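Some features that Swiss-Prot has for this protein:
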type: BINDING; residues: Gly110, Thr111, His112, Gly113, Lys114, Thr115, Thr116; note: ATP binding site
Amino acid sequence: MNKKILFLGVGGIGVSALAIAAKRLGAHVAGYDSVANKLTAKLEALGIVIFTSPNGVDVANFDIVVYSSAILSSHPLLSQARSLGIQCLQRAMFLAVLMKDFSYSIAITGTHGKTTTSSVLATLLCQLDKYSSFIVGGVVKYADSNIQVNGTDKLVIEADESDASFLFLSPQVVIITNIDLDHMATYNNSYQTLLENFTDFVSKESVKSIYLCVDDQGCRDLLAKYNQSDKNVTSYGFSINADVQIYDYHIIDEITHFKIRYKDDDLSFKLQLPGRYNVQNATACIIACLDLGFKYEDIRNALIKVTGVARRFDLYTKVISGHQVTVIDDYGHHPVEVANSISAVRDRYPNKKIIHVFQPHRYTRNRDLIKDWPKALSLADQLILLPTYSADEQIIKGAESQDIVKGLSGYLLADGFDHAIYFLEKLANENTVILIQGAGDVTNLVEILSE
């Protein structure tokens, strides 16, 4: 890739990964972000020049300008590049260009679990094939990075459906974890439009194999809608109707055990990640690796080393009011994700009381899923509900934190982190486990605890 490329919004996890990948593929790379952070420091350590002011950037020196969704079309550097006729590419559009440097690409998409599933597959392939690479939307714990370029053979990518940018991509293999109602403004609040976009994605000429979870209603709807016979379509899940069925799921000493029926073989696996949903995610990766020709024994040995992605069921031990308490930090922010996480906590800690500290994320999500929240938020033994993290949205009347728990009783409303800690100090002991959850800044609460 012999190009000079400027990355705008390079302090974000997605664009920073592309900048590193481009550099390792031979491009001359520079980046801009108005705020320096740990990611920009990492880029500078790799020899990438970082600008924090538009004034020092000579846009005319670059062949391509790549920008994140956080960069407005009126941004001076983007406006200048367009006026000079320089090729300007949104993040996913550049990822599509980058993919052409690789022989084989596997895209993971879906409303929930795509980052975790991408991390599982990335961890497997990096052990099974030293020339495999990945670019995903979270920090893969196995590699302590969201990006690794080990060659130009196989590439694992996370394909984002939230803004329909996955339609720019042309992978050879697609894994769909599920299809659910989220980011519906992208699809004009139409489930059929959402399904049509997924259908368009898997119908691309480049796609040869499709794996989807038949336990999910959205995936079943896609199967009913999709009728092309020129691709290898494999369903997986706990359902007896799955092409690859999962069974014998159980937990022993906090390790997840399960089996799959693959073709005529019954194969057993162990996984450090908790919950039925992670078994589904892992199964998609297992069968993709089996179909690539990797040996069962090698996959099994690699799977037990999978530790997932940062902020997905991260485990800590904290001292709270003199008690040693297990604390879990999790990114889940949709009713389905909340329910799955609480179920996973129950499976792993069946004899402990679950205290759920939840920070809702976006008023629009509260509003759009208002009927689904009460059931999900009733599943823990005690709910502590924080104010909604706005993500720069304006407050929507009837969509604040207290509105998503209408009809529930026994929950505690906290007005901030200090208030939540006050409740935890009263409630927590050795017989409790605390799940701290949300996509906003609630992860900071984990660090504050027991300081």
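Cβ coordinates come from backbone N, Cα and C, glycine included.
Here the features listed in Swiss-Prot are placed on the structure.
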{"residue": "Gly110", "record": "ATP binding site", "CB count, 10 Å": "26"}
{"residue": "Thr111", "record": "ATP binding site", "CB count, 10 Å": "21"}
{"residue": "His112", "record": "ATP binding site", "CB count, 10 Å": "21"}
{"residue": "Gly113", "record": "ATP binding site", "CB count, 10 Å": "25"}
{"residue": "Lys114", "record": "ATP binding site", "CB count, 10 Å": "27"}
{"residue": "Thr115", "record": "ATP binding site", "CB count, 10 Å": "25"}
{"residue": "Thr116", "record": "ATP binding site", "CB count, 10 Å": "26"}
Other residues with Cβ within 8 Å of the Cβ centroid of Gly110, Thr111, His112, Gly113, Lys114, Thr115, Thr116 at the ATP site?
Ile108, Thr117, Thr177, Asn178, Asn281
What three-state class does DSSP give Gly113 (ATP binding site)?
coil
